[in-house]
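Undergrad: According to TrEMBL:
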type: TRANSMEM; residues: 6-23; note: transmembrane segment
type: TRANSMEM; residues: 30-49; note: transmembrane segment
type: TRANSMEM; residues: 55-74; note: transmembrane segment
type: TRANSMEM; residues: 94-116; note: transmembrane segment
type: TRANSMEM; residues: 148-165; note: transmembrane segment
type: TRANSMEM; residues: 172-190; note: transmembrane segment
type: TRANSMEM; residues: 196-212; note: transmembrane segment
type: TRANSMEM; residues: 224-244; note: transmembrane segment
type: TRANSMEM; residues: 307-335; note: transmembrane segment
type: TRANSMEM; residues: 347-363; note: transmembrane segment
type: TRANSMEM; residues: 369-386; note: transmembrane segment
Amino acid sequence: MDDFIVTIINSFLYVVTFIYVYSKHRTISVGVFLMFMYAMISLFCVINYNASSHFWHFSFFSFLYLYIVILIFMKPFMKNCFVIQENPLSSYNVYRTIAKVYIVLAIFSSIVYFPIALDSLRSSDLADIYEMAHEEKEGNLFSKFTNLFFHVRYLGMVLFFSFLAKEKQSKIFLFLLGIAAFLPVILATISLASRGGMVALFANFAIVYLMMKDILPKYVKRTLIIAVSIIIPLILIYFIAVTVSRFEESSLNIDAGESMMYYLGHSMLTFNYGVMDTIQNYANGAYMFDCSSLKDVRFGTHFGTNFITFVGVLYLDFGLVGTVLVAIIFCSYFCKIGRRRFLDIPDIYLLLTYSMLIFNGVFVLGRGYGIQLLEAWIIYFLLKFIQRATIGRMHLRA
């Protein structure tokens with residue numbers, strides 16, 4: 001089958017699935033948002049293939065396999081809209097204390113990244129900043145501290161929306177919590193001259209909003225919409241500036257516009273021709289858990305291990321059958337959460353972590369992402385334990 005026809009069929013599958021999910025949910029849910037993202041990327045893949053001078057050779061089975069595994073991972077969000085109907089702050093005082101600790105962590109993290117971000121904004125060569133910032137980050141003691149903050153950043157967004165939905169909250173407290181949820185990520189992204197962080201932050205915000213929109217007061221919704229309408233143009237300006245700077249002298253010999261198309265439109269292509277067609281030795285979890293002895297060169301891919309989708313990352317570790325088994329395990333677990341009548345803070349936090357895995361995974365997941373998932377589950381169970389212990393003490397006092 002002709003390669004161009006194969007990419008068209010691949011895109012058709014995602015577009016039709018997006019239409020199906022939207023018609024089923026009849027609202028913009030998390031599942032609709034995620035499937036729209038994948039449908040758009042599949043269309044960009046068609047455009048990128050058509051404009052690319054690179055030699056490709058696709059297998060329809062590889063695209064079909066990728067599509068099926070993605071659907072398995074997405075099933076919880078396709079089956080359930082996950083629109084919260086009750087405020088999840090079941091242990092108000094506990095989560096207010098956790099929010100205050102989060103604000104303090106955010107302040108320290110912002111202090112670390114602010115001077116680096118300022119230098120980045122002043123620089124005329126963001127490509128060099130991108131390389132230098134990554135090198136400095138490796139050995140910086142304060143940057144290691146900020147890693148602790150970024151492991152719980154999704155919790156900050158969930159807490160921010162939960163307290164927004166709670167009546168009679170201090171405006172100063174909400175303002176500080178909102179700053180804590182956004183500013184450190186923005187500063188870290190600018191300091192690294194990165195684009196993906198901004199996109200992920202927007203997705204983080206959008207997913208939590210879609211989950212909690214029904215419990216937010218109307219004036220809060222209006223305020224958020226106004227704020228987003230002001231911030232998005234600023235993000236786009238930054239996004240374009242980084243793109244132009246990083247790719248105008250790129251080794252790919254393409255301009256900024258072509259680089260954007262390459263950025264958005266090659267993850268599915270490289271999974272098909274670059275991963276699934278050549279991998280014979282699997283890492284058995286070493287890639288996801290960032291084992292120092294693992295070398296990317298052992299995989300023998302055409303394009304390295306960048307931008308191969310999250311399914312590609314799992315495939316590097318677990319192969320054809322193992323990747324499907326991992327997808328089924330995740331799907332079963334989160335479908336079980338979807339059957340609960342009441343979703344609390346830990347549930348929403350874990351759902352956000354999972355949905356961001358799928359969102360970020362339309363491009364790639366970095367080495368060591370499995371460690372982040374383990375940390376998310378530890379935080380989840382710790383929050384559950386604290387929450388139940390607190391509620392138990394309240395019952396004893398009563």
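From the backbone N, Cα and C atoms, a Cβ is placed for every residue, glycine too.
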Undergrad: Mark yes when the transmembrane segment (94-116) and the transmembrane segment (196-212) have three or more Cβ pairs under 8 Å (sequence separation 6 or more) and no when they do not.
TA: no
Undergrad: So, taking each listed stretch (6-23, 55-74, 94-116) in turn and counting its Cβ pairs to the transmembrane segment (307-335) that are under 8 angstroms, which one gives the highest count?
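TA: By the under-8 Å Cβ criterion, the transmembrane segment (307-335) pairs most with 55-74.
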Undergrad: Using Cβ atoms and a strict cutoff of less than 8 Å, what residues sit near the transmembrane segment (224-244) while being 6 or more residues removed from its termini?
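TA: Apart from its flanks, the transmembrane segment (224-244) reaches 126, 190, 193-195, 198, 202, 205, 209, 216, 256, 259-260, 263.
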